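**Student:** Sharing a structure with you now.
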Amino acid sequence: MRAQIIDGKAYADGLADRITATIPAFTEKTGRVPGLAVILVGSDPASEIYVRSKGRKTRELGMASFEHILPAETGQTELVALVEALNADNRVDGILVQLPLPDHIDELAVVRAIDPRKDVDGLHPESAGRLVSGRPGLVSCTPLGCLMLLRDQLGDLSGLDAIVIGRSILVGKPMGQLLLGANCTVTMAHSRTRNLADKVRQADIIVAAAGQAGMIKGDWIRPGATVIDVGTTRAVVDGKRRLLGDVDFAAALERASAITPVPGGVGPMTIMVLMHNTVLAAHDRAGLPHLQLW
Ligand SMILES: NC(=O)C1=CN([C@@H]2O[C@H](COP(=O)(O)OP(=O)(O)OC[C@H]3O[C@@H](n4cnc5c(N)ncnc54)[C@H](OP(=O)(O)O)[C@@H]3O)[C@@H](O)[C@H]2O)C=CC1
Ligand SMILES: Nc1nc(=O)c2c([nH]1)NC[C@@H]1CN(c3ccc(C(=O)N[C@@H](CCC(=O)O)C(=O)O)cc3)C=[N+]21
Ligand SMILES: [Mg+2]
């Protein structure tokens, strides 16, 4: 079997069109465009790439982008004060604080300061609680993007065995909750998991989000499984700069029924779901009906 390559960029482009189409009516009703604020503290390389493409996309889609790039020495009090100012700014519908933050800042304290209605990254405990208890709320961009791709690829996911490798608050945990909500039987794996290969071999759906390049080997993949590769590791291979996923892609191609490439799979979805969440938050805050765009 040779796997189908899941084109995250193509799906994201389609979602972009559906997002853009909502903006004229929003502007007619509110007199403004949806706005997204991103805060980056210091110079984490992954976050810098993300912030750049995000600002460009936000403007491309006809929304307002507010970028706050702060020095690594920024204090927690100052950062929380910025978040509070953005909470109070009606032009801002979404607030994203790039993680990780420098060690002297308590990430939870900053995330808790975000108005949950503007929490487009789904990181606030209120958002996490809503996801776990099945109430409507904003859901972390990367896992929601993965779910969109899986639903597009497989349709109903009921009864499928899924494994998520990674348990971060940003990716792994919300991914597991979304799959559970879609009626999968979910295994959550992490760095202390024993016999990971055997657990992966049981899965119809594999979501790899460990950040360990190539750790998921081809012979771990059940023939016909669907593979979503979230991992992005920067490396130099044969003198060329490369972005590597968590899955041994060449080997997985011979076993899986479908797989996301890195780059061009989950990454473009993360950016577009951020736009999606911003438009949803804007409608919610303006008292307009809830949008369903996927
Ligand atoms: N494409 C995209 O849009 C995005 C990509 N990413 C990428 O996804 C990856 C994960 O991101 P994030 O969740 O933020 O990372 P974290 O570092 O916060 O979490 C990594 C998780 O993987 C687990 N893990 C690490 N090594 C292993 C291992 N050998 N076996 C099993 N589990 C392991 C860790 O376990 P433990 O909890 O026990 O330490 C942890 O739960 C990174 O490569 C990141 O760059 C992230 C966000 C968006
Ligand atoms: N609060 C917060 N939310 C995040 O969602 C968040 C974060 N912090 N910190 C950093 C990670 C990383 N991340 C990526 C987003 C897009 C690509 C992406 O677009 N990747 C492209 C390739 C880009 C390239 O060529 O380097 C792709 O996979 O095709 C990658 C990684 C979001 N993150
Ligand atoms: Mg920290």
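Note: Cβ is positioned from N, Cα and C throughout, glycine not excepted.
According to TrEMBL:
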{"type": "BINDING", "residues": "Gly166, Arg167, Ser168, Thr232", "note": "NADP(+) binding site"}
{"type": "DOMAIN", "residues": "6-121", "note": "domain 'Tetrahydrofolate dehydrogenase/cyclohydrolase catalytic'"}
{"type": "DOMAIN", "residues": "140-284", "note": "domain 'Tetrahydrofolate dehydrogenase/cyclohydrolase NAD(P)-binding'"}
**Student:** Could you give the maximum C-alpha to C-alpha distance in Å for the residues Gly166, Arg167, Ser168, Thr232 that bind NADP(+) per the record?
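**Tutor:** Result: 16 Å between the two most distant Cα atoms.
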**Student:** Please check the binding-site residues Gly166, Arg167, Ser168, Thr232 against ligand 2 and give me the ones with CB under 6 A, sequence order.
**Tutor:** Thr232
**Student:** How many of the residues that make up the domain 'Tetrahydrofolate dehydrogenase/cyclohydrolase NAD(P)-binding' (140-284) does DSSP mark as helix, as strand and as coil?
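**Tutor:** Secondary-structure breakdown of the domain 'Tetrahydrofolate dehydrogenase/cyclohydrolase NAD(P)-binding' (140-284): 57 helix, 32 strand, 56 coil.
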**Student:** Have a look around Thr232 (NADP(+) binding site) and count the other CB atoms within 10 A of its CB, chains all included.
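**Tutor:** So the number of other Cβ atoms within 10 Å of Thr232 (NADP(+) binding site) is 21.
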**Student:** Measure the Cβ-based neighbour count of Ser168 (NADP(+) binding site), defined as the other Cβ atoms within 10 Å of its Cβ.
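**Tutor:** Other Cβ atoms found within 10 Å: 17.
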**Student:** Taking 10 A as the limit, how many CB atoms besides its own sit near the CB of Gly166 (NADP(+) binding site)?
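**Tutor:** Other Cβ atoms within 10 Å of Gly166 (NADP(+) binding site): 23.
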**Student:** Averaged over the domain 'Tetrahydrofolate dehydrogenase/cyclohydrolase catalytic' (6-121), what pLDDT does the predicted model reach?
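**Tutor:** Across the domain 'Tetrahydrofolate dehydrogenase/cyclohydrolase catalytic' (6-121), the average pLDDT comes out at 95.
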